[in-house]
Every structure is written in C-alpha cells, then in structure tokens.
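Quick look at what TrEMBL annotates:
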type	residues	note
COMPBIAS	524-544	compositional bias 'Basic and acidic residues'
DOMAIN	51-513	domain 'Major facilitator superfamily (MFS) profile'
REGION	523-544	region 'Disordered'
TRANSMEM	136-156	transmembrane segment
TRANSMEM	168-190	transmembrane segment
TRANSMEM	196-215	transmembrane segment
TRANSMEM	227-248	transmembrane segment
TRANSMEM	332-352	transmembrane segment
TRANSMEM	364-386	transmembrane segment
TRANSMEM	393-416	transmembrane segment
Amino acid sequence: MRHQKLVRCADPVWKNDTYSEVGVQREQLLPLGLSDGVSAISAEAEAEGDDLTPTAYKLMRCNIEYAVLRNPNKPPRNASELDWDSLLGSVHRLPGDRFSDTNGSAKAKCYSWVYDQSVLTSTIATQMNFVCERKILSSHALMLLMLGQMFGSLLGGSAADFLGRKKLLMISLLVHVVCSILTTWVNSIFTVGLAYLVNGFAMASCYCSAVLLGIEQVGPMYRHMVVLCLAGTWSIGILWVGLLAYFLRDWSRLQLAASVPEVLFIFYMVLVSESPRWLTEKRRFSEAEKILERIARRNGKALTEQNVLGSDTNEKPTQNQSLLMFLQCPPLLLRLAVVLFNWFACSLTYYGLSLGVGNLSGDIHLNFCLSAFVELASYVTVVIILERVGRKTVYCSSILLGGAACLLTFVPVLIGGGWSNWAMRALAMTGKFGVNISFATAWIMTPEMFPTSLRAGATGACSSSARIGGVAASYLANLTVEGRVGHLLPQIIFGSLGLVAGLTALTLPETNQAKLPDSLEEAVQMKREKEEPTNRNHQESLLA
C-alpha cells in the first residue's frame, strides 16, 4: 500500500480521541481508512436536544453523513452507555428540513480531526489541519517557497553582478539561517507562507551566488566539480534531514535541529574570497591581484601582469547588461529560450518526484533516504563521465532517461502483480537518477554558454524558470483522475516534458573545455560539438 497520511474526523463522544483508540464494537462503526472514506460516532442529536441516540456518521470526502437511530430513552452521556446492538441495527431518518436526503441521511462538514501518529507524531500539515478542503493550503505553502526562490534567482543574479558574488552570498546566508530558525515557531498559515517566501528568496540567491563564485575561481577543467560539490552537499543535507527525521518525529524539533548548525556559515566571511574575474571586470585590479597571488601560490604558479589585467588595461569596465540585450542577438535569444524551457522541465520533474516519495510503497524514511542516495550516485556518475563524454551528450541522454522512466510508471499498474510496487519504485528512482544528472549538468552548462556581462542574469533567469517548474510541481504532485493509472498522471506529465526538453537541448552548444565567453560574439560562435582543450594565457591558466 502506498504511504498516505491517515486521518479521520475526531469523535465528539470519545474525549481526548486519538486515531488509534478503537475498540472491538467501535471498530464496526469506525473502520480505519483514508480521509475520503472513514466512519465515526457523533452526538449531534444530543446537541440538538432531540430524543435520539448519538448518531452514527460516515466521513465521505470530508463531509459527515448522518444516519440517526430513534430511541425514546434519554441519550447516553458517553460511549460506554451506547446500545451497540440497536446502534448497529435499523437506521431512521433525522427529522427537520435541514436533513433532506431521501435516503435517510444528511451531510455536514467535519471541523476536527485526529491523525495517525505511528510514523510522524507531528507535522505542519497535521498541526494546522491541511486536510479536506484545507488540503490545498499545503500546496499554497510550497508555492510560496518556490515563488520566493523564483524571485531570489531572478533578482539574485543581477544583485551578484552589482554587489559582488561574496557579498550577496553572505547576506543571503544570514537571512536564510535566521529565517530557518524562526520557522520553528510559526503558528498559522500566514506565518508559514511568509517564512517560506523569505527563506526561498534567500536560498535561491545564496545558491546562485555560490555557483558563480565557484566557477569563476577555477579553471575550465574543474568548473564542473564546483557545481557537483554544491549539488553533492545538497544531497548530503537531504540525507542528514532524513536521518534526523527518523529520530525526531516532531516537525518543530526537526526544523530546529536542522537549522541551528547553519550558524557556522558565519565563518564563510573569512574563508571565502571574492571572484577575481568579477573584480577584474569591475577594474578593481589591486583586489583581484591579491586573490590571484594567493591562488597562484597555492597552485605553484607565477603571477604576471597579463594574468591580472587579462587584456588592454585601457578598456572600459564591463557594464552589467540587461537581459533585454538578448533581443538584439536572435541566436542567443533562441538559446536562452531553449535553456529556460529545459530548466523548467528539469525542476518540474525533480520536485514532482521528490514530493511523490510519500506515495511510494514502503517506509517513508527509507524511501526518503534512498532518494538522497540516488542523488549522490547521480553526481558521482557525472564526475566520472562529464569530461569524457561532454556536457550536451550527458544532459540530453539523462533528461531523456528520466522522462522515459517517468512515462513507464503506468506499465506496472496495468500489468499488476506482486512485483508492481517494486517496479514503480525502481522506475521512480531511475527517473530521479536521470533528472538529477540533467539538473546538475544544466547548472554547469548554463553559465558557460553566456557572456560575462549576461552570465549572472541569464543564470538567475534560468533558475527562476526552474522555480516556476517547482511551483507547478507542488500542485501537479496531487493531481489525479479516474482510472487505474489516474494517480500516475503527474508522472506522465513529468515524463512527457522531460522527453521534449531532451530533444530541444540538442540545439545547444557543447561547452566542455570551452573558454568562458566574455562577449556576445564569443558566445554566438560557440560550437555544438566538443572542443579540444587549448592553452589560454588568461586567469584560467592560473586557476586550473
């Protein structure tokens, strides 16, 4: 059985009702089940002052269906006084216009719930009752997180060009740490949404500036390692949270335990240097020289004036250009459109599969950690094959693999059998494996195919496109239709978009071993085939 959140309407007759408190007799009226079909006992008749026994009601799609028994005697005050034989016998209609169902029943909303706490003792969803008609609020909260990441990516890219990579990184880290700790005490959907929005903005700005800072401080042979190290630490963080969640089943304790260690990020202020490439573009040569001297000394190389100045010292500083500059260069505009769509498809599939971990068969903690291990394995695979095969080949093949795996999830459902759950889990993890590789490769490829003046802006725009995909995933993950494969509709959508994205990516240039373009002309002239490594008398030779 797929793991789902078990919930039923709280029983007014049983004081301090819990999900697991079900006796032999009560079990006949209260079969445990999912939130769209469970039963319970109500004292509605007594509350109305009628001479009726407590009503037996059934929760159908979050509405209580009442079926009341006539009893001339005074209604019982508690469950032990119930006449179980009569209650399980004939059923009579409720009197009054308010209950007009011709079958002798009527429906009313359930306003209180009890939850299965055998796996998780408390979550934000159970604390704030994100069930029934309020279930959409959980998707709204995730949407605000992704919306914050979208704006953080879009504005963070431009801020990184204006403020500098390091300064934006430190500001974003500070906001993220403070917001993560404060999230522990949120107590309403408004505060949850606000915390998610601000934290999403800080997270995206932090990640975007970290990627740019990293790839601009190493040579072309190691640029992919920077992105993969960042992605790897993301997966290690997911694995760490999964292990914490196994021991801390309360969401607030888990949130605090995961957030407090991030205070150590304050030491990045001393450990991290500004990007020498960014400083050089801003004509801040003395600062760039100090950083390059330190890097050259560690790499056993000599620092020359040409290394620092790059080219003509009389050149004007490179001005940060608006993304509207793409309109003046149709080839780059088309490239940007393709990359934006691919980021959208990657993110939609990644977050869709991640949010769907709880729907897989088996233990949710095991599935969560298994998903993290799959991510780590995908990054190790990228390290092994990326430089040998090339960026574009790895990206296209991996996104096509992920898309195909998602599409094929309906096959085990149609065939059936005891192996179907394992087959679905294997296909889901294969899809996650492929999408992780493509997402990591996209982070490597994107900054390499745009000029310096547009690199941060283009990377931020692509990351924003990915967040739009994440917003869509938060809603699509719960999308179902009637039929045997109806609950697999999200995977079918993810897989279809993945296949289309992989085909469109064939038009992109190969950036493996290519020099980072500094102008629009250099970016346009990038080739679609893998280039052979060349010696470059520039900063990159120092940083390799």
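Every residue gets a Cβ built from N, Cα and C, even glycine.
Of the recorded ranges 168-190, 196-215, 227-248, 332-352, the transmembrane segment (136-156) has the largest number of C-beta contacts under 8 angstroms with 196-215. The average pLDDT for the domain 'Major facilitator superfamily (MFS) profile' (51-513) in the predicted structure is 76.
Tallying C-beta pairs under 8 angstroms between the transmembrane segment (364-386) and each of 168-190, 196-215, 227-248, 332-352, 393-416 places 227-248 first. Sequence-distant contacts of the transmembrane segment (332-352), counting only residues of its own chain at least 6 positions beyond either end whose CB sits under 8 Å from a CB of the stretch, comprise 146, 326, 395, 399, 402-403, 406, 431-432, 435-436, 438-439, 442, 445-446, 449-450, 458, 461-463, 465-470, 472-474, 476-477, 490-491, 493-495, 497-498, 500-501, 504-505, 507-509, 520, 523-524. If one looks beyond the transmembrane segment (393-416) by at least 6 residues along the same chain, the residues whose Cβ comes under 8 Å of a Cβ in the stretch are 342, 345-346, 349, 353, 382, 385-386, 423-424, 427-428, 430-435, 437-438, 441-442, 445, 484-485, 488, 491-492, 494-503, 505-506, 508, 510.
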